[in-house]
Amino acid sequence: MTTAIIRTTTKILAPLILVFGSYIILHGHLTPGGGFQGGAVFASGLALLIVANNKEKVKELFDKVPLSQLESLGALGFLGIGALGLMGYTFLKNVIADSGFLFGAPTPKGINPGYLNTGGTLSYLNIFVGTKVLAGLTSIVLIFFLILRRERDEW
Amino acid sequence: MRRALGLFAFLSFVIFLLAAAISLRPFGEPPHAEMDTYFIEHAQEEASANNVVTSVVFDYRGFDTLGEATVLFTAVSGVLMALRHYGGKEK
């Protein structure tokens, strides 16, 4: 059902949804939401792009997007960040906190608005889980669209 | 005989559910609140995050998230494996 109304609305809405999903993933340690929820929002924006275009356009858009590689990268990154804690501690121990890396600044105690440069490994885990969820959900929607709807492309 | 047995099972289940509903604690007064207090007081220094929910999900219960991600990975590989046949026939 790729009418002109849906195509125009998608052109305006899809970038906003993608930016909002990235915001939820990046601010997972400060605001409500996190990797899983942000990845789902991002994947909903990509699903909007998928259902609003016809089959040739979708194939052209998603031909160069490495969805399967992104999903594997998310899983391996989560395990790798978890394995960082094995250097003297336990699995998934927050070793980057208070160390001064990116996201490694110490968290102020008490009630405060929250600073983006804190969180330690939690921010990295959020990013990897978000990558994994957006790639997984998008590839499921893409497979369903490309395969199960191929007879009725003209609807 | 079967009807009487079914009626007996149904009645005993209803009585069990009613008794459980009556003996529920009032909303907002959990029997053990030490864990919540510990999380709220120590999450900032131990897990280094302002959002206590994130520190519970990714730090205190990190294996839970790992299992969640594994479930999603299994679902995606199952969908790809089950539908790959139809995709190959097209070409």
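Cβ atoms here come from the backbone N, Cα and C positions, even for glycine.
Automatic prediction, not curation, is the source of TrEMBL annotations.
The domain 'Na+/H+ antiporter MnhB subunit-related protein' annotation in TrEMBL covers A:5-138. Summarising the annotation, TrEMBL assigns transmembrane segment to A:12-30, A:36-52, A:73-92, A:124-148.
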With the greatest number of Cβ pairs under 8 Å to the transmembrane segment (A:124-148), the stretch among A:12-30, A:36-52, A:73-92 is A:36-52
For the transmembrane segment (A:73-92), the distant same-chain contacts (Cβ-Cβ under 8 Å, at least six residues beyond its ends) come to 121, 124-125, 127-133, 135
Can you tell me how the residues of the domain 'Na+/H+ antiporter MnhB subunit-related protein' (A:5-138) break down into helix, strand and coil by DSSP?
83 helix, 0 strand, 51 coil
